[in-house]
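All remarks here apply to the structure that follows.
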Amino acid sequence: MVAPMKGQVCVVTGASRGIGRGIALQLCKAGATVYITGRHLDTLRATAQEAQSLGGRCVPVVCDSSQESEVKSLFEQVDREQKGRLDVLVNNAYAGVQAILNTTNKSFWEVPASIWDDINNVGLRGHYLCSVYGARLMVPAGKGLIVIVSSPGGLQHMFNVPYGVGKAACDRLAADCAHELRRHGVSYVSLWPGLVQTEMVKEFMAKEDTPEDPLFKKMKPDFSSAESPEMSGKCVVALATDPNILNLSGKVLPSCDLARRYGLKDIDGRPVKDYFSLGYALSQVSSLGWLNSFLPGFLRVPKWVVTLYNSKF
């Protein structure tokens, strides 16, 4: 089996389950040594065992990304054990999913203000902490890739206010860090997965009391064709092995765009749903949905249209 990342060292935060787990599995399958973090050693060990069965090496490390001392200790361990080498950092840890699911039909003033910290202490501040300590290993080597897992929630309202603000900040974090890292040969990108069939979302969709929930109604039409968590992993492997990755640094990279760029399909062979196709865009407008079946898949909404539509000026 080809191992394009053999010898490379990676860190994936929040890899006990969901997207982080999927990324860790694919990085190990590509032959890398992968440090995975989470707050519970038992689930980390389960992920590590499965990942190592695919190839590579997986090292579970208990680390709360909201605690700088624990983040610092994580990267000191990588530095010590890998002689200063770090090739890929994936900022994925996120502690806000349950808070989002519990408040889907409420406005920001109707929920405790502490939801801001529930969502963004790990999902934004934690990413910055990891970026700081990860960059300190990458910059001296003159190479490396940092990926932050974000979403279109940074463009327009999705779920709630703290979520959208946090995701917009993640995209800006990638852009500004990329600006400062470029001269050192280190890339930083923002990855936008599509709708993903994570364990927690599957549980939410399976509950008997959710059919009338507005979030359930929003996700139901696309959930059966949603991406597997490992699709994000395939995207990260493709980026990490791209010799021209610096050309993409600072950019927002939707998984459907990366699937087209690198010829990727999901782990079960399914094509990745293209949320930027013209057909999909029209399907979201009730009076125009019928046009979808007549449009070829290669017709896409230009990025400048997306930018203009979401412009704040």
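Glycine residues also receive a Cβ, built from the backbone N, Cα and C atoms like all the rest.
Cross-referencing Arg17, Arg21, Arg80 with Swiss-Prot, the residue annotated as omega-N-methylarginine turns out to be Arg21. The CA atom of Tyr163 (NAD(+) binding site) is located 10 Å away from the CA atom of Ser151 (substrate binding site).
A separation of roughly 6 Å, to the nearest angstrom, links the Cα atoms of Lys167 (NAD(+) binding site) and Ser151 (substrate binding site). Across the structure, Ile19 (NAD(+) binding site) and Ser151 (substrate binding site) place their CA atoms 12 angstrom apart.
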